[in-house]
Structures are given as C-alpha cells and as structure tokens.
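**Q** Got a structure for you, questions after.
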Amino acid sequence: MGLARHVVCAMSGGVDSSVAALLLKRRGYSVTGVFMKNWDSLDERGVCSTEKDCEDAYRVCQALDIPFHQVSYVKEYWNEVFSNLLREYEKGRTPNPDILCNKHIKFNHFHKYAIHTLGADAMATGHYARTSQEDEEVFQQQHTAPPPTLFRNRFEVRNPVRLHKGADLLKDQTFFLSQISQDALRQTMFPLAGLTKDFVKKMAAEAGFHHVLKKKESMGICFIGERHFEEFILEVRSPFVEGDNLTDCFISYLEPKPGNFVSIEDGTVMGKHKGWFTLTLGQRARIGGQRDAWFVVDKDVTTGDVFVAPTTNHPALFRDMLRTDRFHWVAIDPPPELARVHMMECHFRFIHQMPLVPCTVTLNMDGSLWICLSKPIRALTPGQFAVLYKGDECLGSGKIMQLGPTEYTLQKSRENFVPAAPNKERPTPEPAS
Ligand SMILES: Nc1ncnc2c1ncn2[C@@H]1O[C@H](COP(=O)(O)OP(=O)(O)OP(=O)(O)O)[C@@H](O)[C@H]1O
C-alpha cells in the first residue's frame, strides 16, 4: 500500500471545519490543518476574533495530532474582495462578499497554497455541499471499501466535477460556492457532504472539541465579522496595505454621498439620506419625520436620488426578468442543452436559502444570460448573484447587471396606453341594446 493521500483542511476554529478534519483523519488521509487570516482590524466590540479563532483551530489540530499552519491573505482579501465590494457600492450595486471570498481567496489562493506550496493532493473545507466525486467515493466505500490510497478517481478524474447540495438542506452552502473554478472543485473535498449540522455537533462533542462547540455561528461580512454596516463602511480607516498589514491613515472607505429620498408615486422629496451606497433595494428607508414605512425601489447614482415606495409589497419592487454578466458555469460552460438551443429551463435564487423559482434562461453571444422568472419576485438587486440550480445541482452564477421593467412601470405604461384610432373603413359596431 502506498502513502496515504495528503489533504489540507481549511480550519476556521469553528465546529464544521474541526469535524471535517476529524473525518478526514478517520478516513485514513494524512491531514494538515491551515488557518487563514484575511482581515486584521478589531470588530465593533473592539475584539480581534482572528487570534482566538486561530488558537481554537490550533487546539483541534493538536487534539487530532496533525500539523498546523497559518497563512495570511490580508492583502489579497483587500485587493480582490474588499476593494471590489467598495467599487460595486460606488456603482450603486449591492455586492456579495461571501461569494467573492470563496472565489478569490478560499478556492484560489488557499487552493494553490494547499496544492503547490504544501504539496497536497486535495484541499477540504467544512462547507455543507457535495461534489459528484464524493458520490463515487461513497459508492466505492460501500461496495469495495478500498483504503484511501486507492481512491484514484478523485485525483485523476476526467469528467467535469459537479457541485451538489449537501444532505442537510437547511445548511446547504452551494449558493456561496457558485463562483468557484472547476480546477479548484476537482481538488476539493467536502467531508460534511452527507451529514446534518446536528450530527456534526454530536461528533464534535464526542471528540471533545468543547471549545469550538461553545462558539456562535459565524455571522456578518465574511472575515470582517458582525458590523453595523453603514457605520463600518463610512468608518475612518486606511485603504493601503503595507506588507500584510493595513495601515491607519484617516480616510473613510467610501465618501458619504447624501441626497434625497424621492417618492416614486409623485416625485415628492420625502427627506434626506446620508448616502446611497448602503441602501439596498427592498430595504426599509429610515426617513426622518415620516410615520409610515417607505421602501427603497431604485437609486440614481448621478443625482443621488433614492426612490422610495409606500408599501413593502409595492409593484415597483417586483420584476420577473434580469440580465447577468458573463455567467460562470461550475461544471460545463455552457451546459450542452443550453449550447444546443440557447434556452434552458432551470431554477433561480439570488438570496441564500430563498425558495427556488422556476425560470427560463437565454444565452447571449457574450456568455451573459437573460433570465425570465415564472413569477415576479421582490427586490431583485443589481450586484447580487443570480444562482441557478437543476435538481440539486448548483450550475453556477452570474452577477445581476440589468433588470427588466417593474410591475409598476408596466401598469403605468398600460394606464398611458392610447388605443389606436378605429379603422375608418370598417363601421364601428353598434352597442347591443
Ligand atoms: N479563517 C479561516 N481559516 C481557514 N479556513 C476557513 C476560515 N474561515 C472559514 N474557513 C473555511 O470555510 C468553511 C466555511 O466557512 P464559513 O465561515 O462559511 O462556515 P461555518 O459553518 O461557520 O464553518 P466553521 O464552523 O468551520 O467555522 C469553513 O468550514 C472552513 O473550512
């Protein structure tokens, strides 16, 4: 029997990645745990949670008797995720840093570090997701139970690897993985693929990982943590990175751009806002002096006007059509069915865990998609990702760049519709008496 395959497990100091490392070890892999540091300032409680998380990950590695490393992607996170986030806000869009972080950091820089620097055969994370390779391995395990050294298909796979929802549908994280590359996915293992969160917690307790079990689920902006977003984004901090550290040089992340809240119904100025960056379509607008709730339906980045509607389900918030940028297909670009007829039926979501909506997609020449939804949905938001599914497979995603008309604009255009003049040649029918 040859040497056990080497797997580098991304360890956050949380319960999921700790159990992922435990499972890999039990399955006979040679495992190395690696903690990533991507942000290095204090959160709003003045706590630098990174150090504590790193120590927690280290303690799990000690308990499992596996090597531990720490890497810093502070600079890369700043340049490829955070700057991108700021640019998107400046364009009036609402970005998704979690999807960008997986694409650029975990499944790019970290993947390369695991494979090329540490010489691993694969990387692993504690995400709740499954790949088509995991299915083949489970099948082999059940039927022939080969030692991990003989799992040749994972490392010498030829067919495209597909991304599927994990067994715990409530925890499914494929939405956040929808932009990762095929190269990275081919060399990734999701040891929690077939498990539920409850079972994972039970395993952590049995293994004695009490220090990670006590922790809260990670919330807030990926790696930046829980923040009051509006205050954070206008916070006085440095945009410069020196070596691996951010330097403090008192300017804000985004320059505040105040403007007016304008009623969509009659153009009345309802009040003032501090800046449109942090206002997202569909959110409740806090307008001073207004007793009723108003909701953001549109922004004009040139004038700074933010258009608001008086009810949460106002027709100006509903649309059934959107266009993406060049769509990222996880397995096959584009799927054969779409390549053949340029149209495909599948399912859509743009918010993690929102119910899937049936849709028809049309492929454009530049690789972007038009997506027509089976029903209008509320607050489709430019900058968010349109993620597509077929059955339990996550096909990939594209950034929402353009929206179709709202129900409200359609109604308005119908109101203003002037019927064509009656045909003079033909007599107008008499009303029935
Ligand atoms: N700082 C980090 N260093 C190394 N890997 C990380 C780090 N943060 C997240 N990961 C990896 O990404 C996976 C998903 O992280 P995320 O924060 O989205 O989920 P989570 O359910 O809170 O995971 P966990 O319980 O492991 O913290 C983790 O399980 C881990 O493998």
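Each Cβ is built from the backbone N, Cα and C atoms, and glycine gets one as well.
TrEMBL does not curate its annotations; it predicts them automatically.
Sharing the feature lines straight out of TrEMBL:
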- 423-433: compositional bias 'Basic and acidic residues' (COMPBIAS)
- 252-309: domain 'tRNA-specific 2-thiouridylase MnmA-like central' (DOMAIN)
- 320-400: domain 'tRNA-specific 2-thiouridylase MnmA-like C-terminal' (DOMAIN)
- 414-433: region 'Disordered' (REGION)
**Q** Counting by DSSP secondary structure, give me helix, strand and coil numbers for the domain 'tRNA-specific 2-thiouridylase MnmA-like central' (252-309).
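**A** Per-class counts: 0 helix, 23 strand, 35 coil.
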**Q** State the mean pLDDT for the domain 'tRNA-specific 2-thiouridylase MnmA-like central' (252-309).
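**A** The predicted confidence over the domain 'tRNA-specific 2-thiouridylase MnmA-like central' (252-309), as a mean pLDDT, is 88.
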**Q** Please list, for the domain 'tRNA-specific 2-thiouridylase MnmA-like C-terminal' (320-400), how many residues fall into helix, strand and coil according to DSSP.
**A** 6 helix, 45 strand, 30 coil
